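K.L.:
As annotated in TrEMBL:
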DOMAIN    1-104  domain 'NADH:ubiquinone oxidoreductase chain 4 N-terminal'
TRANSMEM  39-56  transmembrane segment
TRANSMEM  91-108  transmembrane segment
DOMAIN    109-395  domain 'NADH:quinone oxidoreductase/Mrp antiporter transmembrane'
TRANSMEM  114-133  transmembrane segment
TRANSMEM  145-164  transmembrane segment
TRANSMEM  189-211  transmembrane segment
TRANSMEM  223-246  transmembrane segment
TRANSMEM  252-273  transmembrane segment
TRANSMEM  280-302  transmembrane segment
TRANSMEM  308-329  transmembrane segment
TRANSMEM  341-364  transmembrane segment
TRANSMEM  384-407  transmembrane segment
TRANSMEM  428-449  transmembrane segment
Amino acid sequence: MLAIILSTTPLLFLPFISLNFWPLAGASLLFISFLSIPLLYQASILSVYYSSFLFLDQMSSTLISLTLWISALMILTSAKVLMSRRKPHNFISWVILLALILIVSFSVSDLLSFYIMFESSLVPTLLLVLGWGYQPERLQAGMYLMLYTICASLPLLLSLMMVAKTNGHTSMHLNMFSFNLMTPPLSSLWWVITILAFLVKMPMFIFHLWLPKAHVEAPIAGSMILAGLLLKLGGYGMLRISLFYPSMMFKVSPFCNSVALWGGVLTSMICLRQSDIKSLIAYSSVGHMALVILGVSLLSSWGWKGALVMMLAHGLCSSCLFALANLTYESTHTRSMFLTKGLLCLFPAVSFWWFLLSICNMAAPPSINLFGEIAIITSALWASPAYMIPLGLCSFLAAAYSLFLFTSTNHGSVPQFLNTQSILSSQYYSTCLFHAAPIFLLITCPDIISSWL
């Protein structure tokens, strides 16, 4: 684990010591991501690995591998930054710094250290949105992102200080004592304050307004890391802290599940009336992460396994969908679904990837998304049959807006006024392949990522 952190850190200085820093950075991250794959087997055999600062189990190793994989593909997809000479040295440095912060976040063994890394991830993300975004509205998107994150994270800091005062430590090595001195309403309020930062980061419905704005205004790298990694940081934190206080999670789970599920239904309906491709994909993330919140709140082994699988599957699928949206934008110079028509006639290879990732987004077999949804839905129906209606609506609407996204952009006649450019670069096809391959290969051995309990 320490070897991965130490091998990633020197890449921060690569743009300033090498002229070929762009391909070297991408290849290095891809190579390190392959080296991190044995961590999955090591964690599955040893179950848990502790040290004085680092903490590694199968959940951590899965998300660390995902971080390195997505970061390498971000660099591969963002070659336009290098060609347009928009400060590519700084861009690579911020991307690698953000990847390093996320790796440390997923591997620290102290809750306070995790909070510091959790907050530190905001700075590189904000700079990517503000520095390499396309529209003047990126300032408003950055403000939304900063205010939502900071306002929700300060209560978490106060809660961790209470934990440190009560237990004398914030280590994940040792047991945590519950707040027995609190009355039930106060203890429930304390728990809501504690998990609020994670619910905003995921995000849960009613806390999601920052996400579509950030996705629409962010560059392709910002969208990929937001959907692929930063949302998973909230799910990881919620899973970790629920391990210490399951009784608290049990008290507020009906409220969290109700808001998350009906919010997922509403945002799925919103997807059906979107005209912007990136906005549709962003709203679909809220619906998918609602299932992750449900899986965590159920406090069952199947629910937690399904939540982890769902986070991994959504990270790969949504990241690739944003890459395809950027590919379409660079060729047609518009993200409007009313103007983007007939891609099947213009770019058949791109339409193939649109179809493949659209069926993954609706959790069709044989994708790993299906395994995650089956685990969460089975666990939810075992807990209460009342979950059947919102879960059925979420699954149906996910299929509806995924097909709507594919048919709207790929079928129909090509508008005469649309200025299209030929896409001959193989980097986008390589990006799509590297995203899609794990989604379909992991279904053959799901125990690698689902046997962490």
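Easy rule for this one: first residue shown is 1, then count along the chain.
The backbone N, Cα and C atoms fix where each Cβ goes, glycine too.
Describe the structural surroundings of these features, if you would.
P.N.:
Within the chain, the transmembrane segment (91-108) has long-range Cβ neighbours (under 8 A, six or more residues past its boundaries) at 1, 4-5, 8-9, 11-12, 14-15, 21-22, 25, 29, 53-56, 60, 63-64, 67-68, 71, 74-75, 78, 81, 114, 117-118, 120-121, 124-125, 127-128, 131-132, 221, 225, 229-230, 233, 236.
Long-range neighbours of the transmembrane segment (114-133) within the same chain, counting only residues 6 or more positions beyond its ends whose Cβ lies under 8 Å from a Cβ of the stretch, are 81, 86-87, 90-91, 94-95, 97-98, 101-102, 104-105, 108, 139, 141-142, 145-146, 149-150, 153, 156-157, 160, 197, 201, 214, 217-219, 221-222, 225-226, 230, 233, 237, 240.
Only residues 6 or more beyond the boundaries of the transmembrane segment (189-211), in the same chain, are considered here, and those with a CB under 8 A from a CB of the stretch are 118, 141, 144-145, 147-149, 152-153, 155-156, 158-159, 162, 179, 182, 226, 230-231, 233-235, 237-238, 241, 245, 248-249, 251-252, 256, 259-260, 262-264, 266-267, 282, 285-286, 289-290, 292-293.
Sequence-distant contacts of the transmembrane segment (308-329) (same chain, at least 6 residues past either end, Cβ-Cβ under 8 Å): 59, 62-63, 66, 70, 73, 77, 215, 220, 223-224, 227-229, 231-232, 235-236, 239, 277-278, 281, 284-285, 288-289, 291-292, 295, 335, 340, 343, 350, 353-354, 357-358, 360-361, 367-369, 371-373, 375-376, 409, 423, 428, 431-432, 435-436, 438-439, 442, 446, 449-450, 452.
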K.L.:
What residues in the same chain, six or more past the boundaries of the transmembrane segment (428-449), come closer than 8 Å to it by Cβ-Cβ distance?
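P.N.:
Beyond its ends, the transmembrane segment (428-449) has Cβ neighbours at 40-41, 44, 58, 62, 69, 73, 76-77, 308-309, 312-313, 316-317, 319-320, 323-324, 327, 349-350, 353, 356-357, 360, 365-371.
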K.L.:
Restricting to the same chain and to residues at least six past its boundaries, which positions have a Cβ under 8 Å from a Cβ of the transmembrane segment (341-364)?
P.N.:
284, 313, 317-318, 320-321, 324, 327-328, 331, 370, 372-373, 395, 398-399, 402-403, 405-406, 408-415, 418, 420, 423, 428-429, 432, 435-436, 439
K.L.:
Could you tell me what the rest of the chain brings near the transmembrane segment (280-302), counting residues at least six beyond its ends with Cβ under 8 Å?
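P.N.:
Long-range Cβ neighbours of the transmembrane segment (280-302): 199, 202-205, 208, 211-212, 214-216, 227, 231, 234-235, 238-239, 242, 246, 249-250, 252-253, 256-257, 260-261, 263-265, 267-268, 270-271, 274, 310-311, 314, 318, 321-322, 325, 337, 361, 372-373, 375-376, 378-380, 382-383, 387, 394, 397-398, 401-402, 405, 453.
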K.L.:
Quick one: average pLDDT across the domain 'NADH:ubiquinone oxidoreductase chain 4 N-terminal' (1-104), no decimals.
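P.N.:
When the pLDDT values over the domain 'NADH:ubiquinone oxidoreductase chain 4 N-terminal' (1-104) are averaged, the result is 82.
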K.L.:
In the same chain, who gets a Cβ under 8 Å from the transmembrane segment (223-246) while lying at least 6 residues past its ends?
P.N.:
59, 63, 66-67, 70-71, 73-74, 77, 95, 98, 102, 105-106, 111, 114, 118, 121, 125, 128, 172, 175-176, 178, 191, 194-195, 197-203, 211, 214-215, 278, 281-282, 285, 289, 292-293, 296, 299, 304, 307-308, 311-312, 314-316, 318-319, 322-323, 325-326
